[in-house]
Amino acid sequence: MSSTKPASSTTGDPLLLTPGPLTTSRSVKEAMVHDWGSRDARFIAINRAVLETLPRVILGEGAFVAVPMQGSGTFAIEAMLTSFVPRDGKALVLVNGAYGRRARTILDIAGRASVVYETTEDVPPEPGEIDAMLAADAAITHVFIVHCETTSGIRNPVEAVAAVVERHGRRLLIDAMSAFGALELDAREVAFDAVAASSNKCLQGVPGLGFVLARKSALEATKGNATTLTLDLFDQHQALSSSGQYRFTPPIHVIAALHQALEEFWAEGGTAGRGRRYAENARILIQGMGRLGFRTLLPETLQAPIIVTFRTPEHERFVFQRFYDALRDRGFVIYPGKLTVADTFRVGCIGELHAADMAAFVAAVKDTLLEMGAGLRTAA
Ligand SMILES: *Cc1c(COP(=O)(O)O)cnc(C)c1O
C-alpha cells in the first residue's frame, strides 16, 4: 500500500478512468436530490431545456431535434438503427471494434439487411473502400459509423466518410457515444441523418438516458419503420412535442443531473473547452506512461483523447489483476482491454478528471510497478 492518501472524487469514491459510467461533479450528483413527478412543471421545464440545448452541441439548431430514449447508450443506438433503417432498407456497417459489431447484431435481430466492412481494431475504415462498396451495391440505403470506437480509443474519419456517403445519395447514422461533447461534429459541414449519444459520457451526467439527434426531415420519414413500441423514435418525438410528456416513466433524476451537467459543459466552453481538457489529460497520461515504459496501441494520429489503450507489458512480474487492484487501492479504477489484436488494458481521460488527477495517476502507476518489482524501464 502507498503511504499517501488514495485519490478520490468529491464524494470519497475512487476516480473512474474508464469508458463510463464516469466520475461526475458534486453539483451534478446534488441535482438529483428531488422527488418530482413526471408531470411536475419544474421537471417538464428542465426536460425541455435539455432537449433544446442538445442540438447546439452539433451546431444543428433548427435542422435537428433531440429525441431522448430511456436506458443506456445502446438503447439509443438500437432506437436509431431500427427507426431509421426501413424494413426494406440495407445498412453498410463499418466495424473496427465491439460497438460496430453490436450495431450489426441489432440489425440482424431486427431483420434488417446489412453488410459489414471490417478493419482490425487499430485500423480506421478507408473512404475509398466505402466509395467502391456503395458504387457496387445500390441496395445500401444507410451507412453506420462509430465516431470514437471505445474498444481501442481510435478516432474514425467521420467527415471523410460522410462526404462519400453524401456523394452517393445514401444516409449516414453515427454512434458518437464516447465522442459527443469532446470531438467536434459540425452538422452544418458534415452530412448525416442522425447521431446517438448518452447522458453519462463526455457530457458528464449520470447513466440512464440515451438520445438521438435527428435531422427533422429524416425523422419525419421514419414513421412506421419501428419494430418495437419502446424504441420508436418517431412516436417518442410525437408524444414529447405534443404533450411535453414521455410515453413511459422518464428517468427524472438522470434528466435533472443532465441539465446541471449541460450547464457545466457550456461553462467550460462546450465541445472546444471540454475537448481541450481531455486532450491535456490524454497528453499527461500518454507521456507519463511512456516514461514508465508503457506503449500505446495506437499511433498519435489515430488516438482520440477519450480512452487510451496500452499494451500489457511482457515483464514477468507484471500481473494485470495485481496492477488493477493496487491502483484501485490508490483510488483509481482502470479498465481491462477487450481487443483481439493484442493483450491490452485501457485508461480513460473523460469525466470530471483534471491534469492533477492524471499526474497523480501516473505517480500511482510508478509506485505500483515498484511494489510489484516490475519496473519496466528507468525513467528517461
Ligand atoms: C459506451 C458506448 C456505447 C453505449 O454503451 P452502453 O453501455 O449501452 O451505455 C455505444 N457506443 C460506444 C462507442 C460507446 O462508447
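Using the three backbone atoms N, Cα and C, a Cβ is placed for every residue, glycine included.
Over in TrEMBL, the protein carries these features:
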BINDING   Arg346  substrate binding site
COMPBIAS  8-22  compositional bias 'Low complexity'
DOMAIN    116-317  domain 'Aminotransferase class V'
MOD_RES   Lys201  N6-(pyridoxal phosphate)lysine
REGION    1-22  region 'Disordered'
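Lys201 (N6-(pyridoxal phosphate)lysine) falls outside any helix or strand according to DSSP and counts as coil. Taking DSSP states H, G and I as helix and E and B as strand, the region 'Disordered' (1-22) has 0 helix, 2 strand, 20 coil.
Note on the domain 'Aminotransferase class V' (116-317): mean pLDDT across this stretch is 97.
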